[in-house]
Amino acid sequence: MGKGGSLSDGVIKKILLSYTYVAIWIFLSFTVIVYNKYILDKKMYNWPFPISLTMIHMSFCATLAFLLIKVFKVVEPVSMSRELYLSSVVPIGALYSLSLWLSNSAYIYLSVSFIQMLKALMPVAVYSIGVLFKKEGFKTDTMANMLSISLGVAIAAYGEAKFDTWGVMLQLGAVAFEATRLVMIQILLTSKGITLNPITSLYYVAPCCFVFLLVPWIFVELPVLKETSSFHFNFVIFGTNSLCAFALNLAVFLLVGKTSALTMNVAGVVKDWLLIAFSWSVIKDTVTPINLFGYGLAFLGVAYYNHSKLQALKAKEAQKKAAQADEEGGRLLEERESEGTDKKSESQN
């Protein structure tokens, strides 16, 4: 078909690859969430030790990240001084460990569907903390949108059949710590020109998380684990669970690297609805009409927020291209003027 045909084939291939990356990420994210719920829920595998599970994930991921960077050299490490590590990576690691600990703890008390509904508050938390740290400008229309998302989540919470106050507090705490971590990445790393992909992030952050979690683990879970003599560590369950958690980080790397962060946000929405459907149909969690109405309202708010961010990004990109075009035009004009002056000088000579 010639040039047009090959271009069309290339576009189709790119679209298919994008959908493949999205499908892989949704599958792995879905699997990790359901697998963690299965392990931690007292009605399922009945191993309610979220700190221990998170520490297993961190040690597994840190080991694989070390092998990929130092042994197989698949990914280049980032040049980082001890001072930078202590001042930038350690605070991010502390926030990440708290976020993972609390979010995994919430699975013991709340249904998968309700947890996904509460996670819709993430843009609200990120924006609010961004404004607090002066990384985001306060805008009345954006704040109104954040309030609509919060209202939707509040309605979903009101309609929750198995509402657990402690579980909700844990999940909201996880959202707050995760949002703070995302803002701190911008302040402590991105502003200094340091970009970490998911593999280098695990290489630097996972050992730090493990150390932070070790302290509460010694006092909270270790005494209980010592008394649980009947438990035998199942390498198949915990090994595959940790492998899925690591593979999810690789999928994030592929999805954002090959598509965009916005694609990941859209894929996240699809994953949330799939998890709600799975939670209702397979796990047999109760999902009420008020739940769905509230989450639907929050979903519309999140979709509008993502759309606004995309439009702002496009406008910024257009301004950047216009500035580059003006600069290029000015340079060409200078070159022509210089050439004209040179020719004039030659004719006079």
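Cβ coordinates are placed from backbone N, Cα and C, and glycine is handled just like the others.
TrEMBL does not curate its annotations; it predicts them automatically.
TrEMBL lists 20-306 with the feature domain 'Sugar phosphate transporter'. Marked as region 'Disordered' by TrEMBL: 323-349. What TrEMBL records for 16-35, 47-72, 84-102, 108-130, 142-159, 165-189, 201-219, 231-255, 289-306 is transmembrane segment.
Counting Cβ pairs closer than 8 Å and at least 6 residues apart in sequence, the transmembrane segment (108-130) and the transmembrane segment (231-255) reach fewer than three and form no contact. The stretch in 16-35, 47-72, 231-255 that contributes the largest number of Cβ pairs under 8 Å to the transmembrane segment (84-102) is 47-72. Between the transmembrane segment (47-72) and the transmembrane segment (165-189), fewer than three CB pairs separated by 6 or more residues in sequence fall under 8 Å, so the two stretches do not touch. Across 16-35, 231-255, 289-306, the stretch most heavily in contact with the transmembrane segment (142-159), judged by Cβ pairs under 8 Å, is 289-306.
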